[in-house]
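Features as listed in Swiss-Prot:
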type	residues	note
BINDING	GLY30, LYS31, ASN32, GLY33, VAL34, GLY35, LYS36, THR37	ATP binding site
Amino acid sequence: MYLKKISLFNFKNFSDTSFNFEHKINCFVGKNGVGKTNVLDAIYHLSFGKSYFNTLAVQNIKHDEDFFVIDGEFDKQERSENILCSLKKGQKKILKRNGKIYEKFSDHLGFIPLVIISPTDADLIREGSETRRKFIDSVISQLDNQYLQGLILYQKVLSQRNALLKYFAVNRIFETGTLDIYNEQLNDLGQSIFEKRKQFLNDFIPIFNSFYQNISNSAETVQLEYESQLEKQDLLSLLQENINKDRSLQYTSVGVHKDDLSFNIAHYPIKKFGSQGQQKSFLIALKLAQFEFVKKQSGEKPILLFDDIFDKLDETRVEKIVAMVNNDDFGQLFISDTHSQRTENIVKMTHQSYKIFNL
């Protein structure tokens, strides 16, 4: 599978621009602010139906315009596939496959497998547990729609339970009947989510470790571990034991919405003890492991986006990454970089067909 062509209309800084791509390596080079990352984000839209960078979709519309359109032509298993994503101010975003509108964006998830590696991935280290849970969920959801639907339902029931706890506090009442129903629903949904996350990480962590050791040339050891309250106790028991605490807080304090991943180097938090190069290597290994996991599970090579990833990496680590993507295990690769000569030197090392777009 590969992206043959993309057309952008009023998307971020592009008014009306098209790119025709090589099936292996495509590079966007130029100064900061010319739109390199915007092209990668447009490609990301075609896979996920949303931006990787902007939570507000309307911010992706070009200034002084009222809509954007991203139109992509793919070759997938020797069939031509057209994916179109568009948004008009004040209206719902539209996602189409071959002219047919998706009723639910979740039905499209996984059809165009894709992995992005970007400087914003540093949020996985810097930010709170929600960011790391989203990473787990995004990987599993690409491959398991049932998991995604369970996750959506869990969040809905969780919101209802939290609203009930607030209602109890405001009205100074308490009754267990409705709460017990929500507890049972959360338990069933939460246990399923926990089991799938645990199974995913059992498979994922060895792949991650292998990539990190390769990138770092085994210079240091790292640890990636799953942390969940459900490791020691079922969710129903936890909910029942913490009811007084939840009533006081007016929200649900236990459940899979509190799960986390710990990132360590030599058994110390990488956030505090890892250098910039080590942190970047950790995140790249994490995303390459995502690529490998999705490829194995889906049977397709995901499109891989490298957004300005070579800064703060020494030459040895860059060469290791290039060597890894320079084999048949990887498919189409998109690279953005501010240094055109560095980019050309890197892609020449691969001996693959490539195209460089100077923006």
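Each Cβ is built from the backbone N, Cα and C atoms, and glycine gets one as well.
The structure, with features from Swiss-Prot marked on it.
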residue: GLY30; record: ATP binding site; contacts (Cβ under 8 Å, 6+ apart): LYS36, THR338, SER340, ASN358, LEU359
residue: LYS31; record: ATP binding site; contacts (Cβ under 8 Å, 6+ apart): THR338
residue: ASN32; record: ATP binding site; contacts (Cβ under 8 Å, 6+ apart): THR338
residue: GLY33; record: ATP binding site; contacts (Cβ under 8 Å, 6+ apart): none
residue: VAL34; record: ATP binding site; contacts (Cβ under 8 Å, 6+ apart): ASN13, LEU359
residue: GLY35; record: ATP binding site; contacts (Cβ under 8 Å, 6+ apart): LYS12, ASN13, PHE14, PHE28, LEU359
residue: THR37; record: ATP binding site; contacts (Cβ under 8 Å, 6+ apart): PHE53, SER118, ASP307, ASP308, SER336
> Counting every protein chain present, what is the number of Cβ atoms, excluding its own, within 10 Å of the Cβ of LYS36 (ATP binding site)?
Replying inline: 23
